[in-house]
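Working notes for the structure below.
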Protein chains: 2
Amino acid sequence: MPPRTLTVTLPPATANRNYPIHIGRGLFNQTALYRPHLISRQVLIVTNTTVAPLYLDAVRSALTDYQVNSVILPDGEQYKDLATWQQIFDVLLAQRYGRDCTLIALGGGVIGDMTGFAAASYQRGVAFIQVPTTLLAQVDSSVGGKTGINHPAGKNMIGAFHQPAAVIADTDTLMTLPERELSAGFAEVIKYGLIRDLDFFNWLAHHADGLLARDPALLATAIERSCQHKAEIVEADEYESGQRALLNLGHTFGHAIETGTGYGNWLHGEAIAVGMVMAADLSHRLGWLTNEDVDRVRQVLTAFQLPITAPLELTAGQMLDLMAVDKKVLQGKLRLVLLTALGAAQVTSDVPMEQLRMTLASASVSRGIAWLT
Amino acid sequence: MPPRTLTVTLPPATANRNYPIHIGRGLFNQTALYRPHLISRQVLIVTNTTVAPLYLDAVRSALTDYQVNSVILPDGEQYKDLATWQQIFDVLLAQRYGRDCTLIALGGGVIGDMTGFAAASYQRGVAFIQVPTTLLAQVDSSVGGKTGINHPAGKNMIGAFHQPAAVIADTDTLMTLPERELSAGFAEVIKYGLIRDLDFFNWLAHHADGLLARDPALLATAIERSCQHKAEIVEADEYESGQRALLNLGHTFGHAIETGTGYGNWLHGEAIAVGMVMAADLSHRLGWLTNEDVDRVRQVLTAFQLPITAPLELTAGQMLDLMAVDKKVLQGKLRLVLLTALGAAQVTSDVPMEQLRMTLASASVSRGIAWLT
């Protein structure tokens, strides 16, 4: 398949802010994809210990005309913290990078979020390019400008909205992605189906085996359709004052799982999968979904090798405590994204505590966490 | 004098971004000045160990209807760092503050910059109110939305543009301000005169004694005129793509002095005073100012008890090294704000290195640093 390019269209501020999302095989070393977005010759590649040996040289080979430095951070959600983030500035300043430099985030969601927030903050804002190497980053986190780091008490609590200058998604990286990471990425793909595209949800259910087998054509379709959804939502509501919140289906639950079990033990997509089951279960308890709908959500997630039950070590009370620090809390009220049907979602701050407790209690029993071991 | 209110008018983004600057005596405990800008009941006051015993209770007394917590940081430029900054988030999360909370910066420029950057970053952006308690903060840093923290290698290198919801400048605080801090604040006041208002510069020169004696009417005039200049420039160029850079007269030199001598040893305004002398001297070497102009700059700064010679411990070579990491460097070229006349400034990237070296060398000889001891 030839590469495809989508465009995220945003209102201009001090400059044009539209940006391309390039999706395809063998894109890493295509200088022409980077060049239009590099302002000066100063380029810093931020990556991690897992990705660097695989792809750093390929990206560097596209940038031989530039002054390229790199920072190789430790790999994992547990390093998405202030101390690790500071290492990016140490290099930028040691190399005397100016306001016209460009950062390149080469890695998954953690690298993208940290690099984006460093770009947002260095000298009060420099440009950056997302080069996502995981399915999750290619379909979700690299697009839309949400950047940030974790606080011990809450996921992504420190950050900024800062749009990338371009997204370069080389799908060849998915061939080396560990199975667990591939499945985790599909949680966010399935999410688009659940909140706004029932056809896509059914298509994913039908092609689960082929997608997990990494059929390139199927993967390209899944990524492109996901990015289309993400771009449409971000274009309509960049700063999440409305419908962008729907992208957080399962995330209030999921963030509590990630924080409560210790960053890095659950992958983000795994926690989101369980969170989506909880959201579906709660939607059923409110009479918005049928029991069959909820089962269907469980079945499709399971087909993608994703967990559907909460970690045994977290009680419902602990989950509630952790959920109370979520970014969607307003006026002290928890706001949750729930499903009004498969393919349609809504934000509500009107969830009876009793129903929520029952959802949490029922999700944490039974099957255990055998899938984690 | 009755309180006066200026307005900073900015283009709306997701919401109206215009904000008032209230200037006057006894404003701290006026609930009506805060209330319109508080979205939820959650308010966090960020202050420091020097200001808290003096004014924290007064501000709290205006907010009895709110859930008010406070963070008391150590006082000084040397604490404007990531580790101290993180303490703000620790409290925000421990108290489960939501996206609709408001931060209040009660202190000088360091507190304002750190609090503003925390507000820019907490949950990707919450509101904050500037309550400046130093002259420098009242005339300059509390207005305009520049926020940030220092990196060991460079001043204000990590930060964001994030406008306050209001500025409440209670001029009674100037009565308790140490003399050295008062003088430091006048460096930024004099700056407005030098870059765009010769009448104001001459007025300041004429009233130096009365201003240092803290005559309330003179102080109010100086603060209001300074804030008018700042507001006009920020309105015209919020993100410093043009004329806002003129506000950095003396700052490339000054930041190098602050970083090179160790944060907290020189006050920001003191370093800027010397930086303005250097800028004037260099302007003279380029034929833009007369020798008499440069002497006049030195005289007025001296009248305000400000230093006019560089620290002995920094060589011209060290200064040049430190200046190379300044935010105004673009395409590897140093950009400096110079004076084309008293009352008129210009940014130039065309400074001959030889002249710059002579300016640095001549500024660091002779008078010593007796004024520091």
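Here the Cβ of each residue, glycine as well, is placed from N, Cα and C on the backbone.
Over in TrEMBL, the protein carries these features:
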BINDING   A:75-80, A:109-113, A:133-134, A:LYS146, A:LYS155, A:173-176  NAD(+) binding site
BINDING   A:GLU188, A:HIS251, A:HIS268  Zn(2+) binding site
DOMAIN    A:71-183  domain '3-dehydroquinate synthase N-terminal'
DOMAIN    A:185-329  domain '3-dehydroquinate synthase C-terminal'
Task: Candidates A:GLN78, A:GLY109, A:GLY112 (binding-site residues) - the one closest to A:GLU188 (Zn(2+) binding site) by CA - done: A:GLY109
Task: List of residues, in chain order, with Cβ under 8 A from that of A:HIS251 (Zn(2+) binding site) and at least 6 apart - done: A:ILE272, A:GLY275, A:ASP326, A:VAL337
Task: Near-B candidates in A:GLY109, A:THR134, A:THR173, A:HIS251, A:HIS268, the binding-site residues, by Cβ under 8 Å - done: none
Open item on the list: Using a 10 Å cut-off on Cβ-Cβ distances across all protein chains shown, tell me which of the binding-site residues (A:THR173, A:THR176) has the largest neighbour count.
Closed with: A:THR173
Task: 8 Å Cβ shell about A:GLU188, A:HIS251, A:HIS268 centroid, Zn(2+) site members excluded - done: A:LEU136, A:ASP140, A:SER141, A:ALA187, A:LYS191, A:GLY250, A:GLY254, A:GLY269, A:ALA271, A:ILE272, A:GLY275
Task: C-alpha spacing of A:HIS268 (Zn(2+) binding site) relative to A:GLY112 (NAD(+) binding site), in angstrom - done: 14
Open item on the list: Most Cβ neighbours within 10 Å: which of the binding-site residues A:GLN78, A:THR134 is it?
Closed with: A:THR134
Open item on the list: Say we define neighbours as other CB atoms within 10 Å of the CB. Which of the binding-site residues A:GLY109, A:GLY112 has the fewest?
Closed with: A:GLY109
Open item on the list: Looking only at the domain '3-dehydroquinate synthase N-terminal' (A:71-183), how are its residues distributed among DSSP helix, strand and coil?
Closed with: 46 helix, 35 strand, 32 coil
Task: Count of other CB atoms lying within 10 Å of the CB belonging to A:ASP75 (NAD(+) binding site) - done: 18
- [ ] Measure from the Cβ of A:HIS268 (Zn(2+) binding site) and count the other Cβ atoms within 10 Å, all protein chains considered.
- [x] 27
